[in-house]
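Student: Input: one structure, supplied below.
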Amino acid sequence: MLLSTRDLTKTFPGTRALDAVSFDLKAGEVHALLGENGAGKSTLIKCLTGAYRRDSGDILFEGQPIFPQSTLEAQAIGIGTVYQEVNLLPNLTVAENLTLGHQPRRLGMIRSRAMNAQADEMLSGYGIDIDVRRTLDQYSVAVQQIVAIARAVHLSGRVLILDEPTASLDAREVQMLFDVVRDLRARGLGIIFISHFLDQVFEISDRLTILRNGRHIATCPAAEVDRMQLITLMLGHELQQETATRARPVADGKDAIRFSGVGRRGRIAPFDLTVHKGEVIGMAGLLGSGRTESAEVLFGAAPSDSGTVEDSDGPVDLRNPRAAIAAGFAFAPEDRKTDGIIAELSVRENIILALQARRGWSRPIPQAEQIRMADDYIARLDIRTPDAEKPVGLLSGGNQQKVILARWLATNPRFLILDEPTRGIDVGAHAEILRLIEDVVAQGMSILVISSELDELVAVSHRVIVVRDRQHVSQLTGEDVTTDTIVRAIAAPDLTPEATT
Amino acid sequence: MTTVLRRVAPQLLTLVAVIMLVSIYFPSFWQIVYVNERLVGIPIDVIKRGAPVALLAIGMTLVIATRGIDLSVGAVMAICGASAAWSIDQGFGLWAALGIALVAGLICGLWNGLLVAVFDIQPIVATLILMVAGRGIAQLITGGTILTFDNDAFSYLGSGTLLGVPVPAVIWVLTGIGFGLLVRRTALGLLVESIGVNLRASTLTGINSRVLLIAVYMGSGFCAALAGIIATADIRGADANNAGLWLELDAILAVVIGGNSLLGGRFSILASILGAMIIQTINTGILLAGFPSEFNLVIKAVLVIIILVLQSPRVLPQLAYLWRGRRDRSQRPKQSQTSQQNAGTETKT
Ligand SMILES: Nc1ncnc2c1ncn2[C@@H]1O[C@H](COP(=O)(O)OP(=O)(O)OP(=O)(O)O)[C@@H](O)[C@H]1O
Ligand SMILES: [Mg+2]
């Protein structure tokens, strides 16, 4: 056995994140680690890599007990990790990132030619052809991930841990990453793969281990379980089927919000959009195609420099987020770490924050009311936290996402913009969030959902806008809203329904 | 209430420890007498002399909570003190002098706030400008001399007493309570903490972070004005070169001793004020103990380092871990022995 844990236990105040977990990783396998948000996956990884100090239990590397005190020590032992957020330095060159800490030197000076050669060599065999002298931020997230993997493999070379590596990649990039992973498996590395995308899990992994509430539930070959069994093991109960009844939006245009010719130079070309009451609009497109930029224009985060916005009461002021919120808008951004959560503040404070900001500083929400609201949303969205006073930064990734959703629902907006609302969210919560969207829409809220998961878009949207090269290229309605048509509209300009009809 | 107590417990303990240390050298520390309608004693002296730093620390706490810093407060003290002295000198009277000094402080804060919030200049650089230029401005106001005046009503603010308590102490206590209520009875405290932790996310959540930042720097300017008024009233004169000199550093130190992170976020005004009192007790103690004055700064530095190290979030868990580790180690051998025995019996059978 390459790497094993025996009765690994880790407790945080109020939470037993790992409860006597035993886990085995063989050389030459991809082992998927699965479980709900807050099940303890990331905690297990962090204990293995020395980022957390375990309370008790053993970690064995090739049968020998190890006690990594830091990620550096773990690396030296042979355990390399790539986190969801790429932890490289974007403004250094690819070569510097790859060789950082062990650059070839002469007389204390870094020899750049040797360094670049070494970097080229490290990247050979990964099937990407890039210039190692350019800075890392000039390349896509997928390439950055692969650079991070190359670095981790070079430094450790036995065990590679990937914690939600595909969350921000599109389908093509995922394949690129998986090719690399398959190659490394063939070279005999043991690979731990964490993901909430079950299709990907089945595609790449040899064995699965399922955690629930910090406990080890099952380990089995991937070929021996099917999707439904897996979900049942993860949730501890069967997944309720989604109701596919889509209420028709009120399209009489009475309460509609009309955006005409809004856009922002260099970010998104001017576009028109009419949002009807109780309507779900999907937005599809590749990463970097202008989806997030559209959302930022609609919310005033990067205000439009052209066009007008009107509703039944006249012009709508979208100068900045504050004005947009006053107009009843809400926006749950894609990057929850930098744009969403206030990590040090409690779950309660994070939930009431948008509402409090709208009421203004002089009218504080009474403490009792805050507690009631927080408890209400914790129950409704099933946020896993010991209590409402825990700093939100200590919650698991998926639960942080739910807190941000709660923050905006609390303001009871009329137009809610969700940028990748289900990223990093487990299957159970995924279904819950889709149900929630249907709920609030039935009460008359309008929603714009941006998502890379086309199934999800098709499931909730009344119509779908396709964005390509920073332009809104087409709109699919009614029968045309299928994954197939969306994929075609994203890829080929001349196959969009508008062009053919 | 208990949460407040738990928050300031380290500062309270430190203050008690420092006081005990001083009492060793100076056993009559606690002797307080009432003469000429004023209380006299070392603790009274501490709360009076600590007034400027305590006042500055109140404003500085809020600035630091936004992940900023205000280096200009010492210079702003000089500007405001000079403005007050000038007004008295011109015969404007007490209230006009106070008004002018406070408005001067608010304008200084507005300037800092605009540089930070609107022009996106790093706080340390933005406030450095006024720190350097401020003394020049104060000199322009005083005309390059030490501007003295004779106005009993005004100097009462620096050296008078209210029910026996020095007026400067009354001022910082009232200001502290005022600011405390202002931030905790409204949502200001929460919003300030929020922009300190994550400015971008806070703005996207609809917090008016620009206005809030400017307000916080103006609050700091207001506190500096009060401190400047007290300093000027106390010596009956405005000294543009020396009023509030280096006090910005003591104020920052007080905030840090108060356990507030320079990285912004959670803050406690009470803890910062306790920090200011700790610093003043050390200052007074060193003076009383009669060390040669060359030693003062060194001793102070050593004490401050000890306090900070003991309060550091890294050191405390480490100490706790060592302590627990000792217990664990004394228990663990037994466990591993039994497991070895088990293994042994297994192989034998
Ligand atoms: N540093 C910490 N302090 C306190 N609690 C923590 C800390 N890190 C994790 N936890 C708690 O431990 C539990 C497990 O969290 P973990 O991050 O391992 O979940 P996860 O399985 O990775 O979930 P996700 O799929 O959402 O990323 C959660 O309840 C979380 O709140
Ligand atoms: Mg995780």
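Yeah, the Cβs are placed from backbone N, Cα and C, and that goes for glycine too.
Got these off TrEMBL a minute ago, pasting:
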type	residues	note
COMPBIAS	B:333-349	compositional bias 'Polar residues'
REGION	B:330-349	region 'Disordered'
TRANSMEM	B:12-34	transmembrane segment
TRANSMEM	B:46-64	transmembrane segment
TRANSMEM	B:71-88	transmembrane segment
TRANSMEM	B:94-118	transmembrane segment
TRANSMEM	B:125-149	transmembrane segment
TRANSMEM	B:169-191	transmembrane segment
TRANSMEM	B:211-231	transmembrane segment
TRANSMEM	B:243-263	transmembrane segment
TRANSMEM	B:270-291	transmembrane segment
TRANSMEM	B:297-323	transmembrane segment
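So that I understand the layout, could you describe where these features sit and how close they are to other parts?
Tutor: Cβ atoms under 8 Å from those of the transmembrane segment (B:12-34) belong to residues 40-44, 164, 257, 274, 277-278, 281-282, 284-285, 288-289, 303, 307, 310-311 of the same chain, restricted to positions at least 6 beyond its ends.
The list of residues near the transmembrane segment (B:71-88) in space but at least 6 beyond its ends in sequence, with Cβ under 8 angstroms from a Cβ of it, reads 52, 56, 59-60, 94, 96-98, 100-102, 104-105, 108-109, 112, 124, 127-135, 137-139, 141-142, 147-149, 151, 154, 220-221, 223-225, 227-229, 231-233, 237-241, 243-248, 251.
Within the chain, the transmembrane segment (B:94-118) has long-range Cβ neighbours (under 8 A, six or more residues past its boundaries) at 68, 70, 72, 76, 79-81, 83-85, 87-88, 126-127, 129-130, 134, 151, 153-154, 209-211, 213-226, 228-229.
The list of residues near the transmembrane segment (B:243-263) in space but at least 6 beyond its ends in sequence, with Cβ under 8 angstroms from a Cβ of it, reads 7-8, 10-11, 14, 52-54, 56-57, 60-61, 64-65, 67, 69-78, 81-82, 131, 138, 196, 224, 227-228, 231-232, 271-276, 278-279, 304, 307-308, 311.
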Student: To the transmembrane segment (B:169-191), which of B:46-64, B:211-231, B:270-291 is linked by the most Cβ pairs under 8 Å?
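Tutor: Looking at each of B:46-64, B:211-231, B:270-291 in turn, the most contacts to the transmembrane segment (B:169-191) are made by B:46-64.
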Student: Among B:46-64, B:125-149, B:211-231, point out the range having the most Cβ pairs under 8 angstroms from the transmembrane segment (B:270-291).
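Tutor: Stretch with the highest Cβ contact count: B:46-64.
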Student: Hey, which bits of the same chain come close to the transmembrane segment (B:211-231), Cβ under 8 Å, at least six residues off its ends?
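Tutor: Same-chain contacts beyond the flanks: 51-53, 55-56, 58-60, 62-63, 65-66, 68, 70, 72-74, 76-81, 84, 98, 101-102, 104-110, 112-114, 116-118, 157-158, 168, 171-172, 175, 179, 188, 191-192, 195, 243-244, 247.
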